[in-house]
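K.L.:
What follows is a single structure, and I will ask about it in a moment.
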Amino acid sequence: MFYKIAQKVMFQMDPERAHHLAIGSLKMTANSPLTCLYGQTIAPAPVSVMGLTFPNPVGLAAGMDKDGESIDAFHAMGFGHVEVGTVTPRPQPGNDLPRLFRLKPAKGIINRMGFNNKGVDNLVKNLIAKKTDIMVGVNIGKNKDTPVEQGKDDYLICMDKVYLHAAYIAVNISSPNTPGLRSLQYGDLLDELLSAIKTKQLELAEKHKKYVPIALKIAPDLTIEEIENIAQALIKNKFDGAIATNTTLTRDGVSGLANANESGGLSGKPLTELSIKVIKQLAICLKGQIPIIGVGGINSADDALAKFDAGATMVQIYSGFIYQGPKLIKEIVNAYRLK
């Protein structure tokens, strides 16, 4: 009930202003009696992924809490894990405003945020300050002004700084809003990046006597051959997981809607089928050797079950969470428990 009222107010506001208000409000109310307004108890439905045991298979996707400011509030809602970021080595403002658009009739969102964040050092402070023991993944990227050829250096810097504070690390090379970033998904650039990250992971594991899994987040706008090549690179470099998928540059199902022609990545319900298609193909190529976290267009428990059926071991929500609220978490967990 509270979420429906809050949503009605938020949806009258500019989307990015509403986002900042929501994160700020959650930050203020976390670990206080006011969590009763949005908190809920969800019976455990444990799932093992990447060598980790999560209390349930529903996580918050990266992009909602970029700087890790409201982690404890999302824990109160019942998420099995929270993925913060995308974070970059240095703070950056992101792309020009406006850069976030709702497509309400289609339950979609278009964003061209551009990795706006306060930098990895600020994120680490927030990870240290959190009071709950929720599993937190850290999604890392490169700064906009770092040449693609030197992009791996930014990922290694972020890895070094977040390693001790992350349950797992997600490598984001699939955002469409950082020029040239998606080129890291192909050929020699992909293999060089994954190899460098794996080497760094093993060095940090030896140094800290702690193994932190690494997952790669991929785009939905890939051919079968490109998915096969990514899968082979993941297996070759012994990555721990894959996250499929990021937002799409296609506009299937939204043509004619207000804001549909805005540039950026489309998420939400219009992404549902494309994401499932990629997960199915990726699962075939990975042959069970590497687990998949399914994300993209989950607006109901049935959408989540379709991700599991396609080959995902765990799921994440973002746009569906904005449109449906915290009840979606419980609905998915209950459906997962019964499947």
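Using the three backbone atoms N, Cα and C, a Cβ is placed for every residue, glycine included.
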K.L.:
Per Swiss-Prot, which one of LYS118, LYS198, LYS200, LYS217 shares the FMN site with ALA62, GLY63, MET64, ASP65, LYS66, THR86, ASN139, ASN172, THR245, GLY268, GLY297, TYR318, SER319?
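P.N.:
Looking at LYS118, LYS198, LYS200, LYS217, the one Swiss-Prot places in the FMN site next to ALA62, GLY63, MET64, ASP65, LYS66, THR86, ASN139, ASN172, THR245, GLY268, GLY297, TYR318, SER319 is LYS217.
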K.L.:
According to DSSP, does ASN139 (FMN binding site) fall in a helix, a strand, or coil?
P.N.:
strand
K.L.:
For LYS217 (FMN binding site), which residues in the same chain are close in space, meaning a Cβ under 8 Å from its Cβ, but six or more apart along the sequence?
P.N.:
ALA62, ASN139, ALA170, VAL171, ASN172, ILE173, SER174, ALA242, ILE243, ALA244, THR245, ASN246
K.L.:
Hey, how far is TYR318 (FMN binding site) from SER175 (active site, nucleophile), Cα to Cα, in Å?
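P.N.:
That comes out at 15 Å between the alpha carbons.
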K.L.:
What is the biggest Cα to Cα gap, in Å, among ALA62, GLY63, MET64, ASP65, LYS66, THR86, ASN139, ASN172, LYS217, THR245, GLY268, GLY297, TYR318, SER319, the residues listed as binding FMN?
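P.N.:
Taking every pair among ALA62, GLY63, MET64, ASP65, LYS66, THR86, ASN139, ASN172, LYS217, THR245, GLY268, GLY297, TYR318, SER319, the longest Cα gap is 20 Å.
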K.L.:
Closest of the recorded positions to LYS66 (FMN binding site), Cα to Cα, picking from ARG112, GLY114, SER175?
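P.N.:
When the Cα distances are compared, GLY114 comes out closest.
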K.L.:
Rounded to a whole angstrom, what is the C-alpha distance between SER175 (active site, nucleophile) and GLY114 (substrate binding site)?
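P.N.:
About 8 Å separate the Cα atoms of these two residues.
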